[in-house]
Amino acid sequence: MASARAASRGVYRYLCPNCGGPNSEERLSRGLPCPRCLPRLPRKGVSGWTGLARLLRREGTLGAGVKAMASLEEEARSLWRFFEKAVGSPPWGAQRTWAKRLARGDSFSIIAPTGVGKTTFGAAASLFYACKKGMRSYIVLPTTTLAANVARKLESMVESTGCGRVRLLVIHSKLKTSERREAMERFEKGDFDILVTTAAFARKYADRLSGYRFRLVFVDDVDAVLRSARSVDAILKIVGFDEEAIEKGLEVLRLQREQARLVGLLQSQREEVREEARKKLLEVKRRLERLEAEIEARRGRTASLIVSSATGRPRGARVRLFRVLLNFEAGGRGDIGLRRVIDSYTHPTDGVAEKVVELVRRLGTGGLVYVPIDMGVEYAERLAEELRRAGVKAEAYHAKKPLELLDRFAEGEIDVLVGVANYYGTLVRGLDLPARVRYAVFAGVPRHKFGSDIGDPHPSRLLRLLSILAESRIEEVASAARSHMGRLRRMLRVLSPAALQMIAERVARGEVEGGYDRQVLEAYQFLREALARDDVWESLRELDVGIVREGGRTYILVPDPATYLQASGRTSRLYAGGITLGLSVVVVDNEPVMRGLMKRVSWMAEVDWRRFEDLDLQSILREIDEDREKVRRVVKGLYRGVELVRTALLVVESPNKARTIARFFGQPSVRLLPGGGRVYEVATGDKILMIMASGGHVFDLVVRVDGRDLEAAGGEPEHAIFGVLRYRLGGNGAAAYTPVYTSIKRCLDCGYQFVDEASRCPRCGSELIRNSLSTVEDLRRVAWEADEVYVGTDPDTEGEKIGWDVALALRPYAPDIKRLEFHEVTKKAILEALSNPRSFDDNLVDAQVVRRVEDRWIGFTLSPLLWCDFWPRYCKRVLEEYGEKRPHMDRERCAKYKAYYNLSAGRVQTPTLGWVVDRTLAYRKKVWLYRVVHDSQLLFAVRSDDPEVPESVKRVLDNWVKHHKKTGIEPWLDVKAVVEKEEWTALPPPPPYTTDTMLRDANRLLGLGSAEAMRIAQDLFEWGLITYHRTDSTRVSDRGMQVAREWLETRFGGLAGQLYRPRRWGEGGAHEAIRPVRPIDVERLQLLVEEGVIELPGTLTRRHLRLYDLIFRRFMASQMREADALRVVYRLRVPELDGYTLTLERVVEIGRPGDAEGVTRGFTLVWPYVRPQPRLVEGREAWIRARVEGRQVPKAYPYTEGEIVEEMKTRGIGRPSTYAKIVETLFRRRYVIEVSREEGRGAGFVVATSRGINVYNYLTEELRSADEEEYGGRIAGILRRVPSLVSEDRTRELERQMDMVEKGDASRDDVLESVFNEISDLALLLNIEHPIKHRSRAEGNTQGNTWVSNFVACAVKSPEVSRVWGAGVG
């Protein structure tokens, strides 16, 4: 419900794309410059950057920003037009993106599916630079055949474009002797414009090639380039870096490691360590800046390098030189993270081989058959022979076979290839034939085979066996296995395959040369010793592994899910426009191993296993063949005019989330941007996705509005209040508000965040500042490259506003921007969100604007009162009451500071502080508590202040306790207990967590503070382990129910059907309860991380695991059946207490007698926090002896952090996103502290400090009776209204109004006007606010007031206020 207004709804500094000045929200949303650059809005849309440049040139205001973009756009469009002429069709989205990067002179790694035209683009771009720019290019290919093919393609392009003068030189091994001699002569003379060779030639002649200056080097065999340090140096030299530049790059790598170490030391507890780290960090930063500037200057004179994606994971310092010198890291295959496979299994009635033959004959050509690795090449050969005898054209393929077999298979001359299911084998990893491979058959479950002697001590092999022993019920074995796993996993992350193989060979020979060797040897010896124990073998039989006897020896068969996913993935490949459908069939030869495979695969991917016999095979094969036909048409270029692949930028908030999403789709390529940002690039089929992080908020309200801001806002504002302009609308009293935003700066030294336009930290003076403007520039850079932009910030009002700010910043560079909403970070959720983007929700944005502006206004209005009026009063009280000797937390501060600026007040903060104060004061008051105890069990308790208990009862108890103190004789009572009712009842499970209940239990059960719990939950969400954690919904989605069912089936087997009770809990809305996203419990999660199956972008600590376990158990409990509980109701009568009678209810049993399987225990099987109590008496009634205990106790106990959050939810103030922040602020301001419980167990109590009590009393009581003589009559009258500003009722009402804005039932300007009316008099009279049109009103009301003069003189010394206060607008 936007108000009609003459001015902008918002102003953003630095976002004019032309001059870099402030720009309005409305102009940004249209992609236009600020009013100074473009005074008159164009009637029609502006066509691109070149059209905008022409428009600004006519105005005489063309600036550097638009001029540079127009030049880049024209360069890219020239390449697009040339490409269309050369190829016969316009470039697709990916090719347009690559052209834009080339126009900028960037180097990058290509991640793209089959059929997108990588090589075609490389050839066309090379010809463009040769023909139109007179610049050389070099194309490097993996094979002679491809080199010859590209040469033919270039010759055709030359003819199409009329570039007959371009000199093309092709050198490969199939040239005749005379042709090669002539080619080499031309090469030596430099008689070429485009050079095409293999990678081997590039390595051999790198020094000679470095003498030619290339504009483009296109490498279609990056694996060959990354194979060795020599290969890396060769390509860097060819691109244009000499030995000196390479050495500088290596020095940068060393300094970056040192910088990371020093940043870690800034967190030290010792000041001298931090100070030394600061000095060294500045020195390292300066050296890095110098070296990076020198490299940047050199980079401007080098070729653009384009490389294809890598199949492996390259490691080593030389590989990292690409990042330093060329700003990118080569990614892996962009399609291994995606699969579209029908996963099935079948049990053979005869033999495995016979079943394989039957399947292949039914499924036809285009098949891959995999035999288990323990069966070996010999079995693959025998199986291929059996297939041939059955009339199938089959061949076994392995390392000793010629590569031409793969070519014959690709051409259709061979129907089926048979190979070994080896993770590193060609048929498992290196085959990418989307038009040819239709299905895969596994002749036995993929597995590893281990004997008791272990065999080869390769670390990866040992890790697999350790992962099985880690599941052993023998705790000492499982614990030791997990310990060895952690060490080996760290080793596998940092060492190359060659280094790992060398370690294995040394250990096998009994040679130990270093720490890594020793770790492998220790793991090897542990495994041998463990497998020599009979009890270990017995425990293994309980797991989903195979135990077989062969030749008098026992072996373990361990399922190999990674190989299964890789091998079956050969049937489902990315191509330009989608992912091919594939079929996988496992012929089961060992049932336990198959169960283990199915279970382990589900931890790595979303797989729906089906019986092969239940498949609609005809329909599946028809779809498989239709997909292959699409691929063939794409490769032949028959989809001209149809854009099958587009590029998209996805912006999320955190780098962790960006990395997590990228890894769903394989090993991403990474580009480093000038502002320090990273962009991860992956392929999803119809999109090439570039993923970046905004780092959270990129803009916040300015502290002081200036003239340029007013110019951008337009209209005639009446006031500027703490970064917000107020406009009067007509004569009806309505108003409109324009927030003014600027970039956020963060000190890398002390962590302080500020918005001042300063190059030094206002708090500590450090020059180590990170400005969010650099993030904006990086985002704009990538947004210009993309066809479309998606903003995937968090799914709440704060995330909507962050996303809206980002969208406005990017709009001039990206016309197509949409919002993505996802509540869990999983591959499925991301793909669904990409398929269903939405527009931004203006109501959510407006609601967050209201929250931020209201928070700023209240804080900036009230906080100065605390700094400059409250503090001296408080200090006077402290010094008078405590003197010089009695300790007090603020005595030294009072002596040191006349004003104290680490104080604040807020609308939600103050009532919350009030609850803590009330409980703290009540805690100091004492009442008598009488406990009547039988056999250490509390029967009942009586408090002396309980109005429900008769006074006569209290008097008797009091007398007995006093008598005991005098005589030392313990008072005893006779209590008659009668069972009134005894019945079995259903005990319902708790609902899944919302934010408040999670914080309560994290505090109560784990001892975590609310801020820490939220930080841990944020990690778990961003790592893709739980759903969004800022929610007040208990709703469970269908997917959530499926997660519960799958885990219960794994955990309880056949009992799962009796235990599973799916519940929705809440209805409607997009939000969901907090739950795990996969059926993985905490023990399994820990193992999968240690195995490397799950890779997280951060360190999984014990606290992460404990909170995850709590969330996991609570959710599983919510989806389980009720517990059968035996409830007993007792009536207790105490004759000696005037016949006092009361009722006592207890749950004495959970789970019915005779239920050995525990089904009737229901949800308590996983939720251990519900326990039965002992029976009070046996039989129906009995007299029992009870002891009376009496002691003084607090009238009320203080809150715990969890209870404070629960109270905020119950009383309706605060929101899921602010609960923890409010509590954290109270601690940071030292208004509250945490104290241990008397019994020393459980979450600590939160008590108000002297400072907190006095702050609360000042705001709510003292100002209510402000003295007119001290403050002046007018000001005193206004100060008396302050208590109402921070009252709980007013806060709750404002929360209600903000909820109405969120739903679209109220206008943001109307709500802000109501807040302004509350604070305006105070702001004007104290000269805080900048009156624009009516300055005399403020001056007139405060002239001659001594209190105001002193107050302002004090307040302007605050770093926050000195740039806000003062007359007029700066």
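Cβ coordinates are placed from backbone N, Cα and C, and glycine is handled just like the others.
Annotated Zn(2+) 1 binding site per Swiss-Prot: Cys16, Cys19, Cys34, Cys37, in sequence order, evidence recorded as sequence analysis. Secondary structure from DSSP puts Cys16 (Zn(2+) 1 binding site) in coil.
According to Swiss-Prot, the feature ATP binding site maps to Gln95, Ala112, Pro113, Thr114, Gly115, Val116, Gly117, Lys118, Thr119, an assignment based on sequence analysis. Under DSSP, Gln95 (ATP binding site) is assigned to a helix (H, G or I) in the three-state scheme.
If you look up Swiss-Prot, you'll see Glu653, Asp794 marked as Mg(2+) binding site, on the strength of sequence analysis. Sequence-distant neighbours of Glu653 (Mg(2+) binding site) (same chain, 6+ residues apart, CB-CB distance under 8 A): Ala693, Ser694, Gly695, Gly696, Thr793, Asp794, Gly799, Ile802.
Here Swiss-Prot flags Cys747, Cys750, Cys761, Cys764 as Zn(2+) 2 binding site. Secondary structure at Cys761 (Zn(2+) 2 binding site), taken from DSSP and collapsed to helix, strand or coil, is coil.
Residues or ranges marked as domain 'Helicase ATP-binding' in Swiss-Prot (evidence: sequence analysis): 99-287.
Annotated domain 'Toprim' per Swiss-Prot: 647-825, in sequence order, evidence recorded as sequence analysis.
Residues annotated as domain 'Topo IA-type catalytic' in Swiss-Prot: 841-1323.
The region 'Topoisomerase I' annotation in Swiss-Prot covers 643-1370, and the record cites sequence analysis as its basis.
Sequence annotations record features per position, and here Swiss-Prot assigns motif 'DEAD box' to 220-223.
Counting residues of the zinc finger (6-47) by DSSP class, helix then strand then coil, yields 5 helix, 4 strand, 33 coil. Marked as zinc finger by Swiss-Prot on the basis of sequence analysis: 6-47 (among others).
Taken from Swiss-Prot, the feature zinc finger applies to 744-772 (among others).
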Message: Of Gln95, Thr119, Cys750, Cys764, which is closest to Cys34 (Zn(2+) 1 binding site) if I measure between C-alpha atoms? They're all binding-site residues.
response: Gln95
Message: Can you tell me which of the binding-site residues Gln95, Pro113, Thr119, Cys750, Cys761 is spatially closest to Cys16 (Zn(2+) 1 binding site)? Compare CA atoms only.
response: Cys761
Task: For the binding-site residues Cys19, Cys34, Cys37, Cys750, Cys761, work out the Cβ neighbour count at 10 Å and name the residue with the minimum.
output: Cys750
Query: Of all the binding-site residues given, Cys16, Cys747, Cys764, which residue's CB has the most CB neighbours within 10 A?
result: Cys16
CB-centroid shell, 8 A cutoff, Zn(2+) 2 site Cys747, Cys750, Cys761, Cys764, site residues removed: Leu748, Asp749, Gly751, Tyr752, Pro762, Arg763, Gly765, Ser766, Leu768
Field: Segment-level pLDDT (mean, integer) for the domain 'Helicase ATP-binding' (99-287)
entry: 90
- prompt: Compared by Cα position, which of the binding-site residues Cys19, Cys37, Pro113, Gly115, Gly117 is the closest one to Cys750 (Zn(2+) 2 binding site)?
  reply: Cys19
Message: Going by Cα-Cα distance, which of the binding-site residues (Cys19, Cys37, Cys747, Cys761, Cys764) sits nearest to Gln95 (ATP binding site)?
response: Cys19
Task: Give the three-state DSSP assignment (helix, strand or coil) for Gly117 (ATP binding site).
output: coil
Field: CB-centroid shell, 8 A cutoff, Zn(2+) 1 site Cys16, Cys19, Cys34, Cys37, site residues removed
entry: Pro17, Asn18, Gly20, Gly21, Pro22, Asn23, Pro33, Pro35, Arg36, Leu38, Thr61, Gly63
Message: Given the binding-site residues Cys19, Cys37, Cys747, Cys761, Cys764, find the one whose Cα is closest in space to the Cα of Gly117 (ATP binding site).
response: Cys19
- request: Using the recorded ATP site (Gln95, Ala112, Pro113, Thr114, Gly115, Val116, Gly117, Lys118, Thr119) as reference, state which further residues of the same chain have their Cβ within 8 Å of the centre of those residues' Cβ atoms, listed in sequence order.
  value: Ala94, Ile110, Thr120, Phe121, Ala576, Val645
